[in-house]
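Working notes, structure below.
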């Protein structure tokens, strides 16, 4: 059994546009986010016919998947939602300004200026943003990197089990989730930085392990 996975980040949302964190929280797609999903679907129409489609259970991911399939000429294909493939949980920092949380993390990790901290985060060997957010979350709900990656890997196992015949599979997920999945396959493949909204990465599963096919990754 082999799978070619088309891994897509959801379209641009209101919170993306105003620079606020959205992990398990949600905000609607911007008009440009909807349009970008349709454009992506139209381009995928020329490349593949999907045998199965999945999205995280977050509304922004599900709507993006519907738009992609609509433009790809496969609006009738059922979309299976997987809660385990939701975005990172920011706990009590959900909806907070992204810059504010970056400043908080920089202060928590030695007081470096934000640009210096961001460079260290992007090029680091582990997720120091999750490290600080999980430590400082007043609600004690934010995930550690280990919890986050473990959940995502469980979701990918559920996806594989759902397509025993393999084939071309669409999956719409989220920025940090996609980064974590790619790093779990190849730690050197990407930076700790979200890929661009409504872009696609191709992965291959040979029945035993995943391999990243895409190169020249576009970051947001």
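Glycine residues also receive a Cβ, built from the backbone N, Cα and C atoms like all the rest.
TrEMBL does not curate its annotations; it predicts them automatically.
Residues within less than 8 Å, Cβ to Cβ, of residue 10 (active site, tele-phosphohistidine intermediate) and separated from it by at least 6 positions along the same chain comprise 29, 33, 37, 58, 60, 61, 63, 64, 172, 173, 174, 197, 198. The active site, tele-phosphohistidine intermediate annotation in TrEMBL covers 10.
Annotated active site, proton donor/acceptor per TrEMBL: 87, in sequence order. For the recorded site, residue 87 (active site, proton donor/acceptor), the DSSP three-state label reads coil. Taking the Cβ of residue 87 (active site, proton donor/acceptor) as reference, residues of its chain lying under 8 Å away and at least six apart in sequence are, in sequence order, 22, 23, 24, 56, 58, 173, 174, 175, 176, 177.
Around residue 9 (substrate binding site), the same-chain residues at least 6 positions away in sequence with a Cβ under 8 Å from its Cβ are 172, 173, 174, 175, 178, 194, 195, 196, 197, 198, 199. Annotation source TrEMBL lists substrate binding site at 9, 10, 11, 12, 13, 14, 15, 16, 60.
Here TrEMBL flags 174 as site 'Transition state stabilizer'.
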Largest inter-residue Cα distance among 9, 10, 11, 12, 13, 14, 15, 16, 60 [record-listed substrate binders, Å]: 15
Count of other CB atoms lying within 10 Å of the CB belonging to residue 174 (site 'Transition state stabilizer'): 24
Env. residues of substrate site, Cβ within 8 Å of mean position of 9, 10, 11, 12, 13, 14, 15, 16, 60 Cβ: 17, 22, 27, 29, 30, 33, 197
